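Peer 1: Okay, here's the structure, questions in a sec.
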Amino acid sequence: MAEEEEEEIRAPLLTGESDASSWDPEALDPSPPGAAAAAATALPETLNNELGIESLDYDPVFSVVHAKTTTIKQNRRLYGYTGATLAKWSITICIGVLVGLIAYVIESSQEFLVTEKKSFAQKTVEGSLILSFLGFAGFSVLLILISSCLVLFWAPPAAGGGVTLVMAYLNGNDIPDFFKLSTLITKIIGTICSISSGLLVGQEAPMVHIGAAIASAMTWMHGSLPSDKDASTKSSRSCWNAKATNFDFYNDKDRREFISAGAAAGLAAAFGAPIGGVLYSLEEASSFWSKKVMWRSLLCCTCATMVLASINEWQFSMALPGSMAFRQLKPGFRIRDLPLFAVTSVFAGVLGAFVNIVHDRVDRLRPAATRKFSRLLEVCGITVISVAVMYLLPLALGSCLQVPEGPLPDGKMDEKYWLRYKCSKGEYNDLATLLFSLPRKSMQQLYNMQGVKHQFPTADLAIHTGSVLFLFIIAYGTATPGGIFMPSMLAGASFGACMGTIFQAIFPGENIQPGLHAIVGSTAMLGGVFRASISLVVIMVEGTGGIDFILPIIVAIVVSNWVAHHIYHAGAYEADLERLGGVYFMHSEPPHQLAALTASDIMSPNVICFHEVVPVREVLEVLRNTRHNGFPVLRHPSVDNSGAGEKFVGLVLRHQLLLLLEEGLFSEVDSSRQQHRFSLYEKPIPKQMLILEHSMRAYHHYHHPHRRFLSSRPQEVARIEAELATKRNLAEADMAPDKKTKKVVALDLRPFMNRAPLTVRRECSAQRVYVIFRTLGLRHLCVTDSHNRVIGIITRKDIAMAQKQGFQKKSLQHWDSDIRSLVAEASTSETSKNRNKLFNLP
């Protein structure tokens, strides 16, 4: 008896039928267990105007029409190929070439601006220090104003590094406006301006976002390949005509693969590390990986680095070193040096964890996203502070040293690197040189420190380490594009070189190279901040050209990760993902909180379902009053003479219903009958249905392409209702069943619904549900009982709620279990802070 009562409570909420013999849309039960009551529950007012994040449809819909379409496409071939494979590889090459070109533009632009600013400081500081500071600070503020104004008033998603949200997107979250053209343009211009302004941020994380955005833009393109013979001629050979096979790659599954490759190419171009870029995408950015994606990413990274290398050297050469390469270190070390490397790695790992802890505290103090002018003043103030540190610190604590003799990494003497800054002729101020130069060039100098002829004293290296940590922590999270990859490396390099000079003083008889400790410090700092492993090893080896030092680099990664993990639980990316209230990121391993739970514990029990043929009036009512994005489709027992109750036969998505309503694919059916003829299996599918199936896959390309959540709002349904009334003369009153003929305007869902959605039994382990959901990239997972009756549905949000609440169950019957709201879980006072966090990530 208890079991029967529980089944009754968890029964599906059907629309379109009140009993077994009649199909009367006005007979909906208004009580809470009924569909209309759950559907008509008013959404909170804030949900109608907020920025929403929805899940992506990585699991393709396999319908009757789609199966027929696939068969047709396979028959259209050119020399054995449909053309889609060639198009995909061509797009991959184009992505790599564009990423390489943009990387060169960013690198050369910021180098020109920083060099000119450094030259201005050198020329003017000898005269009036105050005038020099004011001129330098004024130009820096102008650059940061350009960057921040573009971000705050035109493209907010361009703020920060962007890697965190690329990870969220590839995990299955649709981030609004994140890949718009305006965001891409702002990211490029803003990165150049923010780095050139003197704000201590890096270009590596923005390059990942830029690469992903370029890949996303390329997938919006579509083409066609002819295959039919010209009917107007007698020729037997194929010729070009209008009838062709379209190959579009703007569906979520294909876009995911291209964006993974683009993100890999962005990092590869930033460091000159093609293999490192592939591994970084595999380890950090991408949640779904395959051999196909690996090959595509490798080709994309190779094209990006080849373009960048050939432009930089005006010749084609894959033997060129990375962007941080050096040649002064001796290619050897002793095994007994490893304990010293481990000590450096321990302290660098502590610093990395310290950065994450402090950022967590500082981030809470920043102005809310709605206070645009406060955020503008914040970033301008931080820029002025950064310039003040650059001017005052060398003046107060810098040392005047003799300019070193001998070639630099490029084999030439770069006199422009050393900044005299009130020192005598032939001398340089060490702190001014490190602070005014590009981080990449400063790291080259630190990596080249060897023997007793090092260029920077121990005390000044310690001061530089502290100043870099301070400057990039306060800059980390401002309203401007920029990441913390390069600043972390610079701080680690300075700290490692400092430790190397200390070890050199303690062990004077040993041949200790401070430059090698600088490499170890950079690697360990990255490990402590980001907690990556294999990808960082390869990036450091490729980026520095230091294959001889791979063992110390591995030691640095292992030790720093272990130390930092015991101080702070997560890396920079994971910590920021946890702080976002609207992004539900699913890690590779199921959380331990789900160990004792089952599918019935974490599911949303009140499910709104449709029958295979459903009145239009019912569909409009449900879509108008809910924001659900998936609806199970049931078959009435009378259809197959089964007495087992409603059978679960498919799943239909919200955008499919919207498109069916928009196109007016209606039919009049007898509302008194439950069985309706369906003959698409025997007959050729009408051309209209084939076009409609293609439109369903491309729905989000033409409807709110960068703000998918808008399709879930009541305004979208109201627009369709208005079009039905004006263009088709079909008002709501006309949709009611005729009392004489009992005819009703209905939608037939059978041709377009997903015929084989994945399901789990109610007893299934919640951890297994997590693995299935994450591995297959699902958006909806239906829960059924032993009779294949739908008793619940699981979405990404349900899993996240279960993970947070453990054994506590939370009913989501009045929420859309798929909509991703930034403020759904936040109080009014936290709303603006959550919005602020979304686009200010590393």
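Glycine residues also receive a Cβ, built from the backbone N, Cα and C atoms like all the rest.
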Peer 1: Would you please say which range out of 1-35, 806-840 has the annotation region 'Disordered' in TrEMBL?
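Peer 2: From TrEMBL, the annotated region 'Disordered' range turns out to be 1-35.
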Peer 1: Same chain, outside the transmembrane segment (293-311) by at least 6, Cβ under 8 Å from its Cβ: which residues?
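Peer 2: Distant Cβ neighbours of the transmembrane segment (293-311) are 88-89, 92-93, 95-97, 99-101, 103-104, 107, 211, 257-258, 260-262, 264-266, 268-269, 272-275, 277-278, 281-282, 286, 317-318, 320.
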Peer 1: Below 8 Å between Cβ atoms, which of the listed ranges 127-146, 258-281, 490-507 makes the most pairs with the transmembrane segment (184-202)?
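Peer 2: That would be 127-146.
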Peer 1: Could you tell me what the rest of the chain brings near the transmembrane segment (546-564), counting residues at least six beyond its ends with Cβ under 8 Å?
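Peer 2: That would be 326, 329, 331-333, 337-338, 341-342, 344-346, 348-350, 352-353, 356, 447, 516, 519-521, 523-529, 531, 533, 536-537, 540, 571.
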Peer 1: Using a cut-off of under 8 Å between C-beta atoms, tell me which stretch among 258-281, 338-358, 490-507 contacts the transmembrane segment (519-539) the most.
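Peer 2: Maximum Cβ contact count belongs to 338-358.
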Peer 1: Where, among 127-146, 152-172, 258-281, 379-397, 490-507, do we find the most CB pairs under 8 A to the transmembrane segment (338-358)?
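Peer 2: Looking only at 127-146, 152-172, 258-281, 379-397, 490-507, the most contacts with the transmembrane segment (338-358) come from 490-507.
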Peer 1: So, taking each listed stretch (127-146, 258-281, 379-397, 490-507) in turn and counting its Cβ pairs to the transmembrane segment (152-172) that are under 8 angstroms, which one gives the highest count?
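Peer 2: Most Cβ pairs under 8 Å with the transmembrane segment (152-172) come from 258-281.
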Peer 1: Restricting to the domain 'CBS' (753-811), report the mean pLDDT as a whole number.
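Peer 2: Per the prediction, mean pLDDT sits at 85 for the domain 'CBS' (753-811).
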